[in-house]
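In TrEMBL this protein carries:
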type	residues	note
DOMAIN	B:19-441	domain 'DUF112'
TRANSMEM	B:20-48	transmembrane segment
TRANSMEM	B:60-80	transmembrane segment
TRANSMEM	B:107-134	transmembrane segment
TRANSMEM	B:146-162	transmembrane segment
TRANSMEM	B:168-185	transmembrane segment
TRANSMEM	B:197-216	transmembrane segment
TRANSMEM	B:262-282	transmembrane segment
TRANSMEM	B:317-340	transmembrane segment
TRANSMEM	B:360-380	transmembrane segment
TRANSMEM	B:387-407	transmembrane segment
TRANSMEM	B:467-489	transmembrane segment
Amino acid sequence: MKVFKAALAASLLVGGSLALTGQALAEWPERAVTIIVPWSAGGGTDATARAVAQELEERFGQPFNVVNRTGGGGLVGHITIANSAPDGYTLGVITIETTMFEAQGLPGAAPENFTLLGRFNADPIGINVRADAPYATAEDLIKAVSANPGALKASGANRGGLSHLAWAGLLNTLGVDPEASPWVASDGSAPAMQQLAANAISIVSTSPAEAQSLVDAGEAKTLVVMADERSSLYPDIPTAGEALGVEWSPLPFRGMAGPAELPEEVVTKVSEALAEITEDEDFITMMESRGFSVAYQDAETFTQTVMRSRDALVEAMQAVGLAQQ
Amino acid sequence: MGLDVLIPALSLVLQPQVLVVVLLATIYGLFIGAIPGLSATMATALLIPLTVYMDPVPAIAAIVATTAMAITAGDIPGVLLRIPGTPASAAYVEEAYALNLKGKAQLAMGIGIVFSAAGGLVGAIILLVGAPILARAALNFSSFEFFWLALLGLLTSALVSTNAPARGLFSLCLGLLISTVGLDVTSGQPRFTFGVIDLYGGVSFIPTMIGMFAFAELLRGLSSAGTTPPVPERQKLWSNPFAGVGRMFRTYPWSFVRGSGLGAAIGALPGVGGDLAAWIAYGMSKRLSKTPEKFGTGHEEGLIEASSSNNAGLSSAWVPALVFGIPGDAVTAIAIGVLFMKGLNPGPQLFVDNPTMLTAVILTFALANLLLIPIGFFAIKGARHVLAVPRGLIVPTILVFCVVGSFAINNTVFDVGVMLAAGLVAYLMESNRFPIAPVILGLVLGPILERNFIMSMQIADGNLLGFFGRPVSAVLGVIVCAVVLIPLIRSVLRTRSRSTADIGAS
């Protein structure tokens, strides 16, 4: 009986404390913060988000719990962040797709729906094939795609996601019909790499970091990165300019954001913490060991970058037929 | 793997610090797992800040021990209160609760703990011996194979695990229908959301599961249609809660072997993992049993097979994570982060560069699973008292747990509403003899089934024969077709020759 009474008392205590959480914030954060990641566990966004969340946890002394809300090509997670209560206890990591949803006729997750807190990472997209594929260079691959339209399937994210746009845009810039390499919608890069390893698809469009473990395992190889200059982390991978002689460099970003109209206190605190984290030696080493670059921008600069990328990407989406307007 | 690796690895594991960490983590996992609604993933996430200050081996050992115990302890509220702690324990919660109603709660919990530990040990041994080979095999699985596996899991639950296949199929379809609520995976268009933003992310399965099992049970109790488990006789304080479990190894050795083998194999597939293994194991156990009619009435056999597969799958989920850095679930995704932090970058290089450390990490799996037994002993001792509590006190307590558990998953009141609605639906279904478990499975596997179906169709240019175009996929496809067609053919033959029907039916 005593055991039971104690259990009852404990459960009422838990219930009671949960009921009180709606109170006004004294000093943020006074309880656990949820970090929503719109992409699947194990992908690049998830990995970097978990690294950042852990650093935030150490700095603020409260748990920062990462929750993966996947689906709809990142839309579910983005909308969840945008629609959460603007009390600073639900934040999230947003990706470049936020600039693309509206042009695809999906409202509710545009940059205006968020309070942008700061960028911590920006890595270009690479084109990856199986290690045993008969293409030594990106040029060979493009020739194979235009010679056999429809035969080489590509994946890396949902239809209309940045990975898709990067690949379709590359083909378009080269004067090849983007539909010559049909897109297979996946939930992120991890399932797509699994499909590549299982020899179900031929091409994965994703950052070299996300392909790294399978490249190291001798299962995959990265032919080209869509960037203006070579990455210091992957100095051997040629750029689109070098390998194919074209200018095409959509640069995806990863940054912290919350719903619109977050309290100023939260914006300042997270933005400042991100600045510290991105200069932390351990964090930089950890990110680089996994192949992710560290690229900090404060809340204001990040907002400008996001707005600029939107203009450029919507134009590209119209060119390859991914925009609704 | 030679002794030159094994012995230094053992000395890394058998350190006082590691042993204390594993012990504490197991106790922590016990509490998290035994409280419905608190998940193993949540437990792992809360551990991360502590692991920062630990050496690599105790850090990973803490995660492993917590998850192993949390998942095993999830069976305890399943036995006592019919609230499954995890989606995997939902596969056999009916059976475990039926044993409780027969007055064998202690045996049901004993089976859960001992066979979980044994299955986990098998998983750890397989991880130790065959991780690279198993991982390479798992890498050959594409969306085609995942589609068939998900379908196999769904069919075994609907057609095999229940006594009325038509009703089972109905429940399953209801679960699948609920799983389509939310934004469509491929196009991002909202489906069945009726403009409610909370439904964009779909109906969460934990509140649904709590509602369908626990809240529905409360409703049955209130309408006095339910049966109250008998209060156990007062036993001597030191009576052995595992009495009778040892005999189970001798009575059902193949259930144990099949369950752990199947769990290890399916657990190694990224993204499908342990939940599915328990459902297929339970279904397979019934199909291959000599006494399938006893299933669902409090029979030990299916419980043994499913509990063993559960924990075996938990260990082998680490295979793709360690070998290729591909996490099988949220727990291994968190663990990969910890490995990187400790400089143990997952990948084939880890097996070459640092075999001692890797072996030590795997040995902690064995240690954590062995510890389940003594800690489980005390857990059963304590849990027994729950049955002695008067119903008038226990009902409001369960209700509090239901509400807190549903709220805690996404921190939304909406999910509490989901829980209450699911409970009402389940109450109506059960009073009309529709099984509940297939609904939960449909909800869990629906998105996996749909996503892999769409991916496969895109790869095969819309040609359905593509599902038989790859060797493994073709074999799985034939198995699925056999599961569907054999009972059909059998029933046709039975109607043709009524006189021999009784022999043919067994």
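Going from the start of the chain as shown, residues are counted 1 onward.
A Cβ is built for glycine as well, from the same backbone N, Cα and C atoms used for every other residue.
Residues 54, 58, 61-63, 65-74, 76-77, 81, 83-86, 206, 210, 214, 329-331, 334-335, 337-338, 364, 367-368, 371-372, 375, 379, 383, 401-402, 404-406, 408-409 of the same chain sit 6 or more residues outside the transmembrane segment (B:20-48) yet have a Cβ under 8 Å from a Cβ within it.
Listed stretches B:107-134, B:168-185, B:197-216, B:317-340, B:467-489 were compared with the transmembrane segment (B:360-380); the greatest number of C-beta pairs under 8 angstroms is found for B:107-134.
If you count C-beta pairs under 8 angstroms between the transmembrane segment (B:387-407) and each of B:107-134, B:168-185, B:197-216, B:467-489, the highest count goes to B:197-216. In terms of C-beta pairs under 8 Å, the stretch of B:107-134, B:168-185, B:317-340 lying closest in packing to the transmembrane segment (B:197-216) is B:168-185.
If one looks beyond the transmembrane segment (B:317-340) by at least 6 residues along the same chain, the residues whose Cβ comes under 8 Å of a Cβ in the stretch are 40-41, 44-45, 48, 51, 56, 59-60, 63, 67, 127, 131-132, 134-136, 138-139, 267-274, 346-348, 350-351, 358, 361, 365.
Same-chain residues lying 6+ beyond the ends of the transmembrane segment (B:107-134) with a Cβ under 8 Å from its Cβ atoms: 1, 68, 71-72, 75-76, 78-79, 96, 99-100, 241-245, 248, 256, 259-261, 263-264, 267-268, 298, 300, 303-304, 307-316, 318-319, 322-323, 348, 351, 359, 362-363, 365-366, 368-370, 372-373, 376-377, 379-380, 383. Across all of the domain 'DUF112' (B:19-441), the predicted model scores a mean pLDDT of 80. Distant neighbours of the transmembrane segment (B:168-185): 154, 157-159, 161-162, 191-193, 199-203, 208, 429, 434-447, 449-451, 454; these residues of the same chain sit at least 6 beyond its ends, with a Cβ under 8 Å from one of its Cβ atoms.
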